[in-house]
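A short write-up of the structure that comes next.
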Amino acid sequence: MSADSPSSPASSQAAEVQVRLPDGSLKTQPADATAMDVAKEISEGLARSVVAAEVDGTIVDSFRPLGEIADDENVVPLRLLTTRDESALDVLRHSAAHVMARAIMRIYKGVSLAFGPTTSGGFYYDFDMPEKISEDDFPKIEAEIKKIIKAKEPFERFVLERDEARKLCDDLDQDLKVEHIETGLGDQATVSFYRQGEFVDLCRGPHIPHAGMIKAIKLLSVAGAYWKGDASGRQLQRVYGTAFFDKKELASYLEQIEEAKRRDHRVLGKQHGLFAINPEVGQGLCLWLPKGARVRVTLEDFLRRELLSRGYDPVYSPHIGRVEMYETSGHFPYYRDSQFAPLFGSEVGGLLDAWSTRLDKDDLSKDDEDKLIAAAEVFGVKLPDYKPSASNDAKKDVLHRWQLNHERYLLKPMNCPHHCQIFGAQPRSYRQLPLRLFEFGTVYRHEQTGELNGMMRVRGLTQDDAHIFCTADQVEEEFRATIELTKFVLESVGLDDYRVQLSLRDPDSSKYVGSEENWDHAEGALRGVLEQSGLSFNEEPGEAAFYGPKADFMVRDCIGRSWQLGTVQLDYNLPERFKLEYKGNDNATHRPVMIHRAPFGSLERFTGMLIEHFAGAFPMWLSPEQIRVLPLSDKSVEYATAVAKQLDEAGFKVTVDASDGKVQAKIRNAQIDLVNYMAVVGPKEAESGQVALRDRIEGDLGSMPIKEAIARLQKEVETRQVRQAVKGSTVSIAETGGAATDY
């Protein structure tokens, strides 16, 4: 977007503000002074490294007048963010997205801008344009980017009234921005823009002082996208990139990307026969092949035994449930866009459901409404209470009453409503609490096709789901137990580099359910348990769900990427919605507290992550093929088969390579197939009842009696030794699957 644009409208503000620095000291500044001015007063060196500022927890431009962001007492609690601050990198990348968009608009004609947010590892910008961009175009785009960076032009913020903002975007032929102003900003009265040279973009910011702060930038890939994620909307081109304050950091990050490609679970999964995605079955629906299924069974058996020993009760629930149950839980229609359409026992059910959805979106013309009424009558459905002149809510109510009298089902999007029904299936006493229910339950999400990614993002996923129903007094101990369980599970598979994110409520918000007393108790209990555990954790006020605080384990893999695994979530909402009760020791009825927890998250995503973490080379206890017996020749096949039988009876996953060829080739094939151990046998071993054991990692271990080999290998399995993953050195944790923020 290119234009001359007005400055921000003047606002009434005090002539001076008091700036409170992190050390508690106060500085008096003119209201039109900026954080950069404060930095310059301290030192020119500091000013050169200032990227943005943090004011009372909110990141703002370093060049924004302090009077605009002072509190009611004209005080500005200010923290300067420099290139060393982690949050400053996000600001840099946001500005890099603008610079990239500016470069693309210089090169190509007819470019309509969508959104350009940051992601966990970089940024992207979506474009609607006549020409197709490919990775072959990246060099010329990057060359133009470098010209913009070299010019060091400043970013400037200005604010317009909504009508003025719409006119500006209309004048610039930016129809997507016009649509967003008209439909995407609610009742927002003003709109902020940023200008850099000839480029102007609607944006909430913040941005770096000038483009010259971008010391390293790289375009990474191009993909398809939809306007606002709506598959029925306009198709866009999405260009991804990343940026850093230092060229060495970029080089390290690019090496991390290359290493991630070498470990791609989709490639390794196909190469080693672990899983498959078949379009005839459906995108996002995993077929677990025998080797992958063995890994899954091992994980399930491991966790099942552990849960049973910790007082959990197994349950099973169906793959579908009545829509009314999900209306009670709130999952429907709130999460409808990410769910498969309801299943109906009547042919006309789908018609009425689509009809209701159109009314809900206020997207039904009079002609279409008449056609729907006629179509329903064709199926024998008459709706005498349906009045076209009534409000949409009244019309939806008529349709809903018809639906209530006919069976409607959903593919299960969550296990928790089913578990609530299991709790409520019989009277409960405080003596039965805590009640811990667990299930490896498969749920279904209608993810967009473009978001699907092997096992990492799927439409059918099996969660290691458990729900604990307890009293308020039991929350602390149950939380401690779930934290210990999650630690145990993660460390058992070699994931010992993690931190915990504790999501708390916003004390200034009233959106939360449950009493303030319960929230205070729960948050204090969670914080206390984490402090006592010695775990590294950070608190995130305002990040709690409306129904309770939670703790997420953020696990770093061997190449430095961070994965959200292992969630513990308190819930005051579902027990209330389902009217769950237990009789207390006071003989009165009470609501239980519900705790959701899943150490794996989903077996698909967890297994996919392990494939990449171990580069397909699973530790012995998880491996789908632990031992391969290699006979030296046909004469030794009979003995090899006998050895394999003994190993199988000892509980190992074992195969025999009875193919023709030299043993060196068989060893090489076993190494390629990532088999943990090879047992080489020939006439000498047959005569002495031994095997020549070979470790995939350490090589030849020499000959030994079969019983000795079995004892050695059993110890490795029983202790769940992990020797495969090699820690990598990376510049930062790149979060996987971070949510982008529009506008």
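Note: Cβ is positioned from N, Cα and C throughout, glycine not excepted.
Cross-referencing H446, H467, H521, H613 with the Zn(2+) binding residues that Swiss-Prot gives (C416, H596) picks out H467. Around the Cβ of H596 (Zn(2+) binding site), a 10 Å sphere holds 23 further Cβ atoms from the protein chains shown.
Within 10 Å of its Cβ, the residue among the binding-site residues C416, H467 with the fewest other Cβ atoms is C416. Across the domain 'TGS' (13-76), DSSP classifies residues as 17 helix, 23 strand, 24 coil. Classification of C416 (Zn(2+) binding site) by DSSP places it within a helix. Neighbouring residues of the recorded Zn(2+) site, listed in sequence order and excluding C416, H467, H596, comprise M414, N415, H419, C420, D465, A466, Q569, D571, L574, M594, I595, R597 (Cβ within 8 Å of the Cβ centroid).
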